[in-house]
Amino acid sequence: MSIIVTGAAGFIGSNLLQALNRRGETDIIAVDDLTDGEQFRNLADADIADYLDQNDFLERYARGDFGTVRALFHQGACASTLESNGRYMMENNYRYSCRLLESSLELGVPFLYASSAAVYGSGRTFREARQYERPLNVYGYSKFLFDQRVRRALPQARSQVVGLRYFNVYGPREEHKGRMASVAYHCYQQLRRDGRVELFGEHGGFPPGGHLRDFVAVEDVARVNLHFFDHPQRSGIFNLGSGQARTFNEVALAVINSVRANADQPPLSLQQAVESGLLGYREFPESLRARYQSHTCADLELLREAGYRDDFQSLEEGVAGYCRWLARSA
């Protein structure tokens, strides 16, 4: 009786593998596209039963080749909010997901998939309801449209279907994402490379470094996925963030002070970090002005109603642990 994880060599998928392994789960089929061969590193320390290319997997899954499947965690997608090829995005994120959903419903396999806070666009209300969903780019639209497909399927579904709208996830195993890696990752790399961190300046009424996001540690994301795995009677679409909006300045300062703590140096205030030259700002990119989420904050009411009671790591806790992991991995 296997568990299947798509996007298994990716950021969240590989952390989910680790969380499953810690539970003693090893009968896992990992599915991904290893065209970028370096991503094998995210699989190298995981215990799995098999690996399949994402295209080979699709047909075999539809045929029921894998016998009894305990759950399918669908984490595979193009996650770039800057991707402009709509045909590629819709085929990879929407059509592929639709095929997996249809097969899962036919086979009676619990289907837990990655949605995104990008569906909310520039709104100020982040609640799982149609009137608040206004994506700003084709990535957000691909996630939005699949969520609509799921909403239509849920009333007739005889097996679990869960969509988790990830907010700004950060943590280990994301370095392959390049520009799409988290703010915390880029702050750490800038500090190590240049001796300082540089953030976006003022935009949309927000001061330099003052844009607000809901940053959530990847370990918490894995735990929420496993909560729904443990409760297959619960279905729906749920926000997955910390429930708190924090500024980019706070992320940068958490990174700076985590690195300083590891070097037995005292913490700095934001003003001290700026005055010492450890933190600076650059002009907000013109190319992002029309499609940038300046503020996100997950409404967790539905998630709590679904029985998830654990606290989320604070930004300072999560970033400190992440910086220690990055230092060990250097």
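Backbone N, Cα and C atoms are what each Cβ position is placed from, and that goes for glycine too.
Now, the feature entries from Swiss-Prot:
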ACT_SITE  Tyr139  active site, proton acceptor
ACT_SITE  Lys177  active site, proton acceptor
BINDING   11-12, 32-33, Gln39, Gln54, 75-79, Asn92, Lys143, Val169, Lys177  NADP(+) binding site
BINDING   Asn168, Arg179, His186, Phe200, Gly201, Glu202, His203, Arg213, Tyr292  substrate binding site
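Distribution of Swiss-Prot features across the structure.
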residue	record	DSSP (3 states)
Phe11	NADP(+) binding site	helix
Gln39	NADP(+) binding site	helix
Gln75	NADP(+) binding site	coil
Tyr139	active site, proton acceptor	helix
Lys177	active site, proton acceptor	helix
His186	substrate binding site	helix
His203	substrate binding site	strand
Tyr292	substrate binding site	coil
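In this entry, substrate is bound by Asn168, Arg179, His186, Phe200, Gly201, Glu202, His203, Arg213, Tyr292, whose most widely separated C-alpha atoms sit 20 angstrom apart.
In sequence order, Gly7, Asn92, Asn93, Ser97, Ala114, Ser142, Lys143 are the residues near Ala77 (NADP(+) binding site), counting only same-chain partners six or more apart with C-beta under 8 A. Nearest neighbour of Gln75 (NADP(+) binding site) by Cα distance, taken over the recorded positions Lys177, His186, His203: Lys177. Each of the binding-site residues Lys143, His203 was scored by how many other Cβ atoms lie within 10 Å of its Cβ, and the smallest score goes to His203. Neighbour counts of Cβ atoms within 10 Å were compared across the binding-site residues Gln75, Tyr292; the minimum falls on Tyr292. Listed in sequence order, Ala9, Gly10, Asp32, His176 are the same-chain residues six or more apart from Gln39 (NADP(+) binding site) with CB atoms under 8 A from its CB. Note: the CA-CA distance between His186 (substrate binding site) and Lys177 (active site, proton acceptor) rounds to 11 Å. Ranking the recorded positions Asp32, Lys177, His186 by how many Cβ atoms sit within 10 Å of each one's Cβ puts Asp32 at the top.
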